[in-house]
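For Arg227, the entry in Swiss-Prot reads active site. Here Swiss-Prot flags His275 as active site, proton donor.
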Amino acid sequence: MDIIFYHPTFDTQWWIEALHKAIPQTRVRAWKSGDNESADYALVWHPPVEMLAGRDLKAVFALGAGVDSILSKLQAHPEMLKPSVPLFRLEDTGMGEQMQEYAVSQVLHWFRRFDDYRIQQNSSHWQPLPEYHREDFTIGILGAGVLGSKVAQSLQTWRFPLRCWSRTRKSWPGVQSFAGREELSAFLSQCRVLINLLPNTPETVGIINQQLLEKLPDGAYLLNLARGVHVVEDDLLAALDSGKVKGAMLDVFNREPLPPESPLWQHPRVTITPHVAAITRPAEAVDYISRTIAQVEKGERVCGQVDRARGY
């Protein structure tokens with residue numbers, strides 16, 4: 001069995017050695033331009049078109065939870081990957097736990113009004129503030145996939161009212177489910193905190209815009225953990241300046257790295273992290289990939305395959 005590997009920033013040698021240990025009798029090589037030798041599987045992140053074009057692969061694994069970079073290249077270069085080749089993404093591999101940590105810590109930060117106290121501290125102002133109450137602090141999750149379900153589970157521990165919105169209705173215990181565009185307004189109407197975990201598809205690009213933000217309760221908060229293209233940044237800034245949105249925690253942006261001149265950097269109600277909410281944990285990813293390859297080799301049904309038409 002032959003595996004080709006490409007990632008612009010990962011420690012390639014570590015991955016090659018780890019894959020050798022996890023899948024004995026396998027030959028793993030780092031792909032370089034001009035390498036046209038046969039392979040059975042490809043492990044990739046932002047792969048060049050020439051790496052995959054024309055190959056008879058058993059499967060391709062995206063080394064992250066998102067596959068938008070591959071699918072966007074496929075639109076421009078359909079020859080990049082044959083329709084018969086399954087495309088898999090890393091459904092969890094430690095990302096769910098990281099998303100839980102990130103979301104819970106920020107929700108509690110807002111719920112306990114630490115953002116307000118930080119602003120008071122900046123002006124040396126000592127003033128206890130009225131507390132928020134859980135029943136008035138409904139949390140809405142945009143996107144009800146694997147990571148969305150993990151975040152919902154962790155927030156249930158803190159007894160917040162929870163709701164989710166997705167393409168199809170979910171039946172998560174303790175979570176009110178909304179589905180389809182016709183129910184989006186009703187979903188938004190009670191969301192004190194809006195957590196975005198949507199996939200990146202043509203239908204979701206720019207979804208968090210002026211029209212959506214206006215449907216939130218006054219003084220709502222936004223936590224974007226999905227993709228920067230979901231948010232119209234100028235509309236968010238306007239909502240922050242007007243007070244419609246009280247605070248935003250942003251991990252992803254339309255342009256990354258976020259340009260130094262972006263007004264988001266200096267906005268007092270915005271907190272920024274550099275796309276670190278959930279990173280690929282190599283050891284857990286290798287374990288998932290090795291198990292999945294074994295299932296493919298046996299002809300078993302495998303979870304995590306991307307529906308190219310839907311985009312996730």
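Placed from the backbone N, Cα and C atoms, the Cβ positions cover glycine too.
The structure displayed is predicted, hence computed values, not measured ones.
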Problem set entry | Inter-residue Cα distance where the pair is His275 (active site, proton donor) and Arg227 (active site), in Å | 9
Exercise. Within the chain of the residue listed as 'active site, proton donor', which residues six or more apart in sequence place their C-beta under 8 angstroms from its C-beta?
Worked result: Asp251, Val252, Phe253, Glu256
Exercise. Taking the Cβ of Arg227 (active site) as centre, how many other Cβ atoms lie within 10 Å?
Worked result: 22
For this session: Could you tell me which three-state DSSP class the residue listed as 'active site' falls into?
Result: coil
